[in-house]
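Below is one structure; the comments refer to it alone.
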Amino acid sequence: GGGGGAAMADGDGLVSVDYEVYGKVQGVFFRKYTQGEAKRLGLVGWVQNTSHGTVQGQIQGPTARVRELQEWLKKIGSPQSRISRAEFSNEKKIEALEHKEFQIVK
């Protein structure tokens, strides 16, 4: 535990957040583009297809960068994808990254 954190500007700390993206997101290289965007932003985590036609995963990294990928997942995605919505859950501050890289889970 421990309180405080006022001195740390929001955007500097590390966060972890789970995501699920709905729409036409399978068979359109969505995972490959998500991995590429995450690596460009210096984020770690994973992405996978689900059995019910969505893409899900987890993102970890600096808050501001994570926000950028969240926007990307909501609005852009891969060129052929059609995103209906993206949902984010289990957001929490973390002390250290729990993944080595951003990987595609088969």
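Any Cβ shown, glycine's included, is placed from N, Cα and C.
Listed in TrEMBL:
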ACT_SITE  Arg31  active site
ACT_SITE  Asn49  active site
DOMAIN    16-106  domain 'Acylphosphatase-like'
Exercise. Under the DSSP assignment, what numbers of helix, strand and coil residues are found in the domain 'Acylphosphatase-like' (16-106)?
Worked result: 25 helix, 39 strand, 27 coil
For this session: Note down the number of other Cβ atoms within 10 Å of the Cβ of Arg31 (active site), including every protein chain shown.
Result: 21
Problem set entry | Neighbouring C-beta atoms (10 Å sphere around the C-beta of Asn49 (active site)) | 18
Exercise. If one measures from the C-alpha of Arg31 (active site) to the C-alpha of Asn49 (active site), what distance in angstrom results, rounded to a whole number?
Worked result: 8
For this session: Within the domain 'Acylphosphatase-like' (16-106) only, compute the mean pLDDT.
Result: 97
